[in-house]
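J.: One structure, as structure tokens, below. Some questions next.
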């Protein structure tokens, strides 16, 4: 007797401009926080896999940096190259757009995804915020005209609206394959990477308008000792002024950053965490390809 539900497994790229809700979408699909989020553009810098196994279906989501026009620094080039590379060798592409707003960077992404030959889904995000759903129809029709071969689906990444339907549509397009990852694995990234990203998220959320984008985080120690996980994180900035901003008056800001990051780490790693933060000035790191490679930014 044959199984009527074949085993399916494949890769799903989530692409779009910065700050459109890609990482929020991934987190909601996975049912837990994996990708960092903030209201600031370019929060995501690396491609990261989020793996969801449900019964016979394993969907391997590739969360990508937002495609953007700035290409002047090595870090910007790295992020754009990562996002474009995700369109290759995947089985499904999800193009996340806003319910009403359309920018030059959305157009940039559209020009890339129009060459996708496989299944393409346009996920129109934040539709829960519209009082009159009928107002959405012209935008959906316009998107369909731009990409006639795509499926257009209204969603809310934040509230989870219509995500079950989105996942069902994705599953239909995944090829028949054995699963590539164990059922309980949710990402390809190391615990060190996830810890560094959590610190960076708290920095972005704490700094607001003062945010210096030339910030990265390096984990210097990650060691379990008994029931306590000891993490030492180095925050790199490019100027002394940025260092002062992060530390804050009498060290209050860096204390808040550390406290918020530690809380999330304890949930993620299911352990008591002792987190120590330092801030160091490394001038020009975001435009230094050798420095970026040493900090884990891969090929540039």
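Glycine is treated like the rest: Cβ placed from N, Cα and C.
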J.: Can you identify, from 117-120, 121-124, 125-128, 129-132, the stretch that Swiss-Prot calls region 'G4'?
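T.: Checked against Swiss-Prot: region 'G4' maps to 125-128.
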J.: May I ask you to indicate which of 59-62, 63-66, 67-70, 71-74 is given in Swiss-Prot as region 'G3'?
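T.: Going through 59-62, 63-66, 67-70, 71-74 one by one, Swiss-Prot gives region 'G3' for 63-66.
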J.: Just counting, how many other CB atoms are there within 10 A of the CB of residue 127 (GTP binding site)?
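T.: Cβ-Cβ neighbours of residue 127 (GTP binding site) within 10 Å number 21.
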J.: With DSSP assignments reduced to helix, strand and coil, which class does residue 22 (GTP binding site) get?
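T.: Its secondary structure by DSSP: helix.
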